[in-house]
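Since the structure comes first, as structure tokens, the remarks are kept for the end.
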Amino acid sequence: MVLIRVLANLLVLQLSYAQKSSELVIGGDECNINEHRSLVYLYNDSNFQCGGTLINQEWVLSAAHCDMENMEIYLGVHNLSLPNKDQKRRDPKEKFFCLSSKNYTKWDKDIMLIKLNRPVKTSTHIAPLSLPSSPPSVGSVCRIMGWGTVTSPNETLLDVPHCANINILNYTVCRAASPRLPTQSRTLCAGILQGGIDACKGDSGGPLICNGQIQGIVSWGNHPCAQPLKPGHYTHVFDYTDWIQSIIAGNTTATCPP
């Protein structure tokens, strides 16, 4: 009963936030061309796509489950069919996973750090995003973005990224939706409780941005997407900042937190 009351109170709170947000469709509205300079498009010749985030001139952060063969990394992209003049393509020079392997699970350690084969310069449509200086608070309004499907369960992929606002929720909300989840996890629970806005297929690996910092990585969610009371799961970047900074500094044997 206590959990039901908590969910009911959170739903009222979410409804008040939703009135301030953009139209409730999966993926939100088309992103402003200048608001996603750190957003990266990962793609291969098998039409597998993911998002990522540029965190400095030669490093990209994404989800471990976004690893793919023949990965192509595009930066400064808005319209996939109409390249920007400063758009760049890079290849992965090295990829790093927790415990120096693909030893992640659906619930934990879904993080991949990619070193580019060549650095990129900051430009009109390319700029890195800061790592978090502190974890986000429950109730924080954060931004998701990506080229993923804007409908579910049927898929509709567009050439431009869509952006939307969602909220950081208490982890117990995600456990209520998925009782098999562990009692603790290095993931963030985020979404809109009444549904209608969500990251979805094709958005994996992209950022959850709160106060100008990357706080989460799109990891997994329910299908169909954007169901009421079934928020999404995001890798909690703050928990991995020491690992990320160690790898970038050259300590390639650094291990992730337990």
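Each residue, glycine too, has its Cβ placed from N, Cα and C.
Swiss-Prot lists 1-18 with the feature signal peptide.
According to Swiss-Prot, the feature domain 'Peptidase S1' maps to 25-249.
Here Swiss-Prot flags Cys31-Cys163 (among others) as disulfide bond. A sphere of 10 angstroms centred on the C-beta of Cys31 (disulfide bond) encloses 20 other C-beta atoms.
Long-range C-beta contacts of Asn44 (N-linked glycosylation site), restricted to its own chain and to partners at least six residues apart, with a cutoff below 8 Å, comprise Met68, Glu69, Asn70, Met71, Glu72. Under the heading N-linked glycosylation site, Swiss-Prot lists Asn44 (among others), citing sequence analysis as support.
DSSP assigns Cys50 (disulfide bond) to a strand. Listed in sequence order, Leu42, Ser62, Ala63, Cys66, Met68, Gly202, Ser204, Gly205, Gly206 are the same-chain residues six or more apart from Cys50 (disulfide bond) with CB atoms under 8 A from its CB. If you look up Swiss-Prot, you'll see Cys50-Cys66 (among others) marked as disulfide bond.
Packing around His65 (active site, charge relay system) is summarised by its Cβ count: 17 other Cβ atoms lie within 10 angstroms of its Cβ, all protein chains included. For His65 (among others), the entry in Swiss-Prot reads active site, charge relay system.
A sphere of 10 angstroms centred on the C-beta of Asn79 (N-linked glycosylation site) encloses 14 other C-beta atoms. Mapped onto three states, the DSSP output places Asn79 (N-linked glycosylation site) in strand. The N-linked glycosylation site feature in Swiss-Prot is assigned to Asn79 (among others).
According to DSSP, Cys256 (disulfide bond) sits in a coil region rather than a helix or strand. Cβ neighbour count for Cys256 (disulfide bond): 21 (other Cβ atoms within 10 Å of its Cβ, all protein chains included). Under the heading disulfide bond, Swiss-Prot lists Cys98-Cys256 (among others), citing sequence analysis as support.
Per Swiss-Prot, N-linked glycosylation site is recorded for Asn103 (among others).
Sequence annotations record features per position, and here Swiss-Prot assigns active site, charge relay system to Asp110 (among others). Of all Cβ atoms in the protein chains displayed, 26 besides its own lie within 10 Å of the Cβ of Asp110 (active site, charge relay system). In the three-state DSSP scheme, Asp110 (active site, charge relay system) falls into the coil class.
Packing around Cys142 (disulfide bond) is summarised by its Cβ count: 22 other Cβ atoms lie within 10 angstroms of its Cβ, all protein chains included. Residues or ranges marked as disulfide bond by Swiss-Prot on the basis of sequence analysis: Cys142-Cys210 (among others).
According to Swiss-Prot, the N-linked glycosylation site annotation covers Asn154 (among others), on the basis of sequence analysis. The DSSP secondary structure for Asn154 (N-linked glycosylation site) is coil.
Every protein chain shown contributes to the tally, and the Cβ of Asn170 (N-linked glycosylation site) ends up with 14 other Cβ atoms within 10 Å. According to Swiss-Prot, the feature N-linked glycosylation site maps to Asn170 (among others).
Summarising the annotation, Swiss-Prot assigns disulfide bond to Cys174-Cys189 (among others) and lists sequence analysis as the type of evidence. Around Cys189 (disulfide bond), the same-chain residues six or more apart in sequence whose CB sits under 8 Å from its CB are Ile168, Leu169, Asn170, Tyr171, Val173, Cys174, Pro231, Gly232, His233, Tyr234, listed in sequence order.
The annotation disulfide bond is assigned in Swiss-Prot to Cys200-Cys225 (among others). DSSP assigns Cys200 (disulfide bond) to coil, not to a helix or a strand. For Cys200 (disulfide bond), the Cβ neighbour count at a 10 Å cut-off comes to 26, with all displayed protein chains included.
The number of other Cβ atoms within 10 Å of the Cβ belonging to Ser204 (active site, charge relay system), over all protein chains shown, comes to 25. Sequence annotations record features per position, and here Swiss-Prot assigns active site, charge relay system to Ser204 (among others) based on similarity to another entry.
Rounded to the nearest whole angstrom, the C-alpha distance between Cys142 (disulfide bond) and Cys163 (disulfide bond) is 10. With respect to their backbone Cα atoms, Cys225 (disulfide bond) and Asn154 (N-linked glycosylation site) stand 10 Å from each other. Asn154 (N-linked glycosylation site) and Cys200 (disulfide bond) are 11 Å apart (CA-CA, integer value). Looking at Cys256 (disulfide bond) and Asp110 (active site, charge relay system), their Cα atoms lie 11 Å from each other. Each residue contributes its Cα atom, and for Asn154 (N-linked glycosylation site) and Asn79 (N-linked glycosylation site) those atoms are 22 Å apart.
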